[in-house]
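Trainee: So that we are looking at the same thing, I have put the structure below in structure tokens.
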Amino acid sequence: MIGAISLSTNITVTSSGLGIPQKPSKPISSTLKWLAKSCKLEEALRLIETSPSKLTATESDIEAYSLLLHTCISQKSLEHGQRLYLQFLLTEDKVKHNLVNNPTLKSKLITLYSVCGRVEEARSVFVDGLEEDESVWVAMAIAYSRNGYLAKALVVYCDMLCRLIWPGNFAFSMALKACAELPELGVGRAVHAQIVKSNQEPDQVVNNALLRLYAEQGCFGDALKVFETMPQRNLVSWNSLIASFVRRDRVFESLDCFRRMQGEGMGFTWVTLTTILPICARMTALQCGKEIHVQIVKSSKRPDVPVLNSLMDMYAKSGAIDYCKRVFDRMQSKDLTSWNTVLTGYAVNGFIEQGINLFNQMEESGIRPDGVTFIALLSGCSHAGLTDQGRRLFDKMRLGYGISPTVEHYACLVDLLGRAGRIKEALDVVENMPMKPSGSIWGSLLNSCRLQGKVSLAERAAMELFELEPNNPGNYVVLSNIYANAGMWEGVNRVRELIKERGLKKEAGCSWLQIGNRIHTFVAGGGFQFRNSVEFEKVWNELLDAMEKVGYIADTSVVLHDVNEETKSMWVCGHSERLAIAFALVHTAAGMPIRITKNIRICADCHSWVKTVSMVTGRVIVLRDTNRFHHFKGGSCTCKDYW
């Protein structure tokens with residue numbers, strides 16, 4: 001009778017008799033959910049471990065345990081996850097089976113172990129029972145992928161298919177990611193076929209993964225087909241396509257893709273800009289870079305340091321070092337890369353004095369330089385002929401900052417000494433450096449021999465280079481030029497025969513410039529349509545007349561071929577930078593700066609020619625070759641004819 005009354009009135013019965021009526025206790029699952037959402041893992045685990053009742057497997061309890069494991073994953077709290085798993089194992093067999101084999105809990109346990117780098121423990125959870133749920137298989141595959149075991153991730157995916165478990169979008173995206181990184185294009189195509197056959201429409205993540213697979217494998221036709229047929233494209237889609245073009249050296253396509261992205265109003269992320277700005281720098285596409293700068297200024301978000309570093313690098317490599325410095329001065333926070341970017345910009349643009357002043361400010365600010373800092377300073381001193389200053393900086397790097405010189409530092413030192421005519425000292429450095437000389441070391445010495453006319457030492461350096469870099473045609477060309485300068489035509493013929501035997505081809509001189517949104521390219525001896533135009537003939541003849549009046553005479557000695565003077569003059573006039581400058585004079589307004597990029601070193605006569613053009617036209621001409629920048633103005637160059 002008492003028992004009946006107790007059940008109906010919620011009166012508790014104690015050892016001392018009838019108790020006071022109480023409200024029903026709050027279910028433990030509700031408390032666990034609240035603790036999980038509040039990230040109070042220790043309290044939640046203590047409640048479970050001290051609860052007199054055993055764990056149950058109701059829907060509400062499963063949801064509570066799932067929330068707890070989700071919090072463990074977000075905080076990477078392996079200890080609390082292991083304690084909860086232990087409680088699952090300690091409960092009675094029926095409940096244990098329901099908890100340990102619940103797909104949701106199992107997937108989260110596998111994920112927890114994987115984010116904590118415990119792949120073997122994740123595998124032990126995975127194999128504990130017969131897996132029939134796709135989410136568990138995908139969790140295990142992602143666990144392998146996350147920890148770098150991409151091949152094993154694909155094996156899990158294939159095993160799932162063998163169990164006749166049809167994959168969904170999560171499985172597809174995981175498999176495609178693994179195929180892209182391995183790389184496994186054939187398997188990726190097979191996954192693509194499964195996606196097409198699936199009754200489930202691929203989501204944005206799957207489409208992006210498919211796009212990335214084809215783009216990174218160089219299958220641009222397939223990548224563009226996927227891109228064009230995607231029902232929706234987000235920033236990830238555009239960034240993937242742009243990054244794939246950049247990675248495959250498709251610079252023009254990457255710029256076109258970025259312009260199209262902006263034309264469709266997609267906007268950008270900082271990742272987009274840090275991907276595209278280096279392309280603007282490489283192509284000396286200053287106008288495009290300035291447009292990006294405008295978008296950064298207009299953005300409601302504050303740009304991060306990597307974006308501003310990329311922006312400075314673009315300006316420095318486009319010859320606009322003043323803009324680079326302005327960005328640097330206005331940065332609220334700077335890292336070492338920020339300082340190094342400006343220092344490198346000063347060095348390659350021929351303003352090493354300003355670079356050394358900035359380095360002094362850097363030291364005063366307490367910023368500790370690294371090896372990159374000194375590579376910039378040493379190369380700048382080499383280009384400017386500051387030999388003693390460069391040697392002091394080299395010693396300061398070693399003795400003042402304890403930075404061990406690398407091969408790159410020794411290459412700068414050899415170049416520094418060799419350019420100054422101190423060939424013996426340069427050779428001593430090569431022979432006594434603590435590591436084996438690399439191609440860059442011997443290349444610096446070979447170039448010094450070219451400048452100083454040292455044939456015998458050039459032959460030694462070239463022989464070393466032919467062993468280290470047998471397929472680099474530039475080394476053969478330099479040796480051939482050294483022979484030609486010395487009038488040793490038999491040596492020239494021997495080198496040419498060697499080039500022919502090894503199937504090498506000399507890189508053709510190529511120059512390009514940006515006008516509007518187009519980049520125009522000119523090859524030495526090419527551009528026939530432009531050269532036969534009325535506009536070209538008019539500008540060219542006016543230039544010749546004006547240059548003759550100021551005393552310019554072509555130096556045909558730069559043509560290192562045994563041909564007559566008339567042929568030499570014709571060849572010199574067809575050099576690519578001359579065509580590019582003539583094109584700019586035709587298609588740009590008077591007084592506008594001209595910016596040219598060349599893929600090889602400018603020759604001595606073209607250097608004199610451009611100096612004279614800058615004088616007679618009143619134009620500032622900025623030319624970047626493989627070695628450095630030349631800023632021409634009023635008949636002089638920032639290199640001071642030392643390059």
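Glycine residues also receive a Cβ, built from the backbone N, Cα and C atoms like all the rest.
Please treat TrEMBL annotations as automatic predictions, because they have not gone through curation.
Quick paste of what TrEMBL says about this protein:
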| type | residues | note |
| --- | --- | --- |
| REPEAT | 234-268 | repeat 'PPR' |
| REPEAT | 304-334 | repeat 'PPR' |
| REPEAT | 335-369 | repeat 'PPR' |
| REPEAT | 370-405 | repeat 'PPR' |
| DOMAIN | 551-643 | domain 'DYW' |
Trainee: Let me know the model's mean pLDDT on the repeat 'PPR' (370-405).
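Mentor: Its mean pLDDT is 95.
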Trainee: Can you work out which residues elsewhere in the same chain, 6+ from the ends of the repeat 'PPR' (335-369), have a Cβ less than 8 Å from its Cβ atoms?
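Mentor: Result: 305-306, 308-309, 312-313, 315-317, 319, 321, 324-325, 328, 376-377, 379-381, 383-384, 386, 389, 397, 401, 403, 628-631, 638-639.
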Trainee: What is the three-state DSSP composition of the repeat 'PPR' (335-369), stated as helix, strand and coil residue counts?
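Mentor: Counting residues per DSSP class in the repeat 'PPR' (335-369), I get 26 helix, 0 strand, 9 coil.
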